[in-house]
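What follows is a single structure, written as structure tokens, with notes after it.
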Amino acid sequence: MTKHIAILRGDGIGPEIVAETVRVLDKFIAQGLDADYEYAPLGGEAYDEYGHPYPEFTQNLCRKADAVLLGAVGSPQYDNLDRPLRPERGLLAIRKDLNLFANLRPAVLYPELANASTLKPEIVAGLDILIVRELTGDIYFGEPRGIRVLENGEHEGYNTMKYSESEIRRIAHVAFQSAQKRSKKVCSVGKANVLETTELWREIFEEIGKQYPDVELSHMYVDNAAMQLVRAPKQFDVIATGNIFGDILSDEASMLTGSIGMLPSASLDENGKGLYEPSHGSAPDIAGQNKANPLATILSLAMLLRYSLNDEARAQQVENSVQKVLQQGLRTGDIYEEGTKLVSCSEMGDAVLAAL
């Protein structure tokens with residue numbers, strides 16, 4: 001049965017990195033992958049065309065699709081729009097609309113990039129962490145929220161942090177099942193000493209953990225976890241955490257690898273449908289200059305093949321091809337160092353295709 005993929009180019013470098021990734025997808029389709037794809041706008045591109053960052057056309061296409069591939073959203077030119085109309089709101093809206101509750105962000109350090117990390121090679125060599133972040137709850141979506149005027153005339157901003165038992169249960173299962181395929185360790189991260197939300201989180205993880213006796217469960221406060229990621233990151237296998245803590249920790253973990261331009265991500269629903277995107281932003285400063293690193297987006301396609309199309313063989317083919325071009329010494333500007341060859345976005349795409 002043909003799988004349908006919605007492709008959202010987005011803003012900034014989004015169209016460039018997506019173009020290189022689609023070339024890989026086209027090659028697989030030509031070789032017999034039973035899939036097709038259609039483009040739709042999201043973010044600033046969608047606002048320009050439809051007046052909304054997540055328009056009805058895009059909603060309908062994404063709801064019908066088996067998987068969604070996204071470039072990046074956001075650009076300073078939209079900063080003065082009302083908050084609900086800004087490009088980033090399109091990303092929040094699609095996650096909520098498709099009920100993409102589980103965000104998987106690998107932080108893997110390729111041996112060829114060991115010197116690109118800001119940490120000493122002996123601390124990060126062989127790093128392979130997976131951060132499992134809950135995406136649709138927590139303080140980003142909690143109500144009530146807003147800015148109000150107090151009786152004394154002072155303005156006050158307020159937000160609501162909350163998690164239901166069912167929300168925690170389903171993300172816990174994703175974390176434990178992910179760990180079973182890896183090194184069988186889950187570290188649950190929160191702030192249970194001061195936040196009731198994460199106190200409940202810890203209790204539920206303890207309960208669910210009993211269903212996975214082969215997986216070792218530990219707990220860590222988020223401030224300590226942030227420190228340990230820099231001090232001794234290889235102690236971690238799967239880190240499971242809520243929306244706001246996961247947002248921060250996954251960006252921190254990404255820099256252990258030397259470049260956020262290397263890191264893919266998957267956001268999944270309960271049935272394996274997913275949104276796949278690079279972990280980096282839209283980099284408007286280099287947009288349209290053929291300088292962007294397409295590898296995180298190409299690796300996001302590998303995750304799409306693995307999780308939504310159940311095609312492990314092609315997923316590994318993509319990952320092996322990326323490793324091969326790194327072994328050949330090819331580098332975009334973000335991962336370039338002396339002794340390697342600086343290439344453009346499209347040249348990196350050429351190299352991955354050749355390696356396939």
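Backbone N, Cα and C define each Cβ position, glycine as well.
The substrate binding site annotation in Swiss-Prot covers Arg95, Arg105, Arg133, Asp223. For Asp223, Asp247, Asp251, the entry in Swiss-Prot reads Mg(2+) binding site. Sequence annotations record features per position, and here Swiss-Prot assigns NAD(+) binding site to Gly281, Ser282, Ala283, Pro284, Asp285, Ile286, Ala287, Gly288, Gln289, Asn290, Lys291, Ala292, Asn293. Under the heading site 'Important for catalysis', Swiss-Prot lists Tyr140, Lys191.
The residues near the Mg(2+) site, meaning same-chain residues not in Asp223, Asp247, Asp251 whose C-beta sits within 8 angstroms of the mean position of the site's C-beta atoms, are Val222, Ala226, Ile244, Phe245, Gly246, Ile248, Leu249, Ser250, Glu252, in sequence order. The Cβ of Lys191 (site 'Important for catalysis') lies under 8 Å from the Cβ of Thr198, Tyr221, Val222, Asp223, Phe245, each of which sits 6+ residues away along the same chain.
Tyr140 (site 'Important for catalysis'): 17 other CB atoms within 10 A of its CB, across all protein chains. Between the binding-site residues Gln289, Asn293, the minimum number of other C-beta atoms within 10 Å of a residue's C-beta occurs at Gln289. If you measure from the Cα atom of Ala283 (NAD(+) binding site) to that of Arg105 (substrate binding site), you get 19 Å. Calculated from their C-alpha atoms, the gap between Arg105 (substrate binding site) and Gly281 (NAD(+) binding site) amounts to 14 Å. Each of the binding-site residues Asp251, Asp285 was ranked by the number of other C-beta atoms within 10 Å, and first place falls to Asp251.
When the binding-site residues Asp247, Gly281, Asp285, Ala287, Asn293 are screened for a Cα within 10 A of the Cα of Arg133 (substrate binding site), the ones that qualify are Asp247.
Gly281 (NAD(+) binding site) sits 19 Å from Tyr140 (site 'Important for catalysis'), taking the C-alpha atoms as the reference points. Put plainly, the binding-site residues Asp223, Asp247 were compared by Cβ crowding within 10 Å, and the winner is Asp247.
If you compare Cα positions, Asp285 (NAD(+) binding site) sits closest to Asp251 out of the recorded positions Arg95, Tyr140, Asp247, Asp251.
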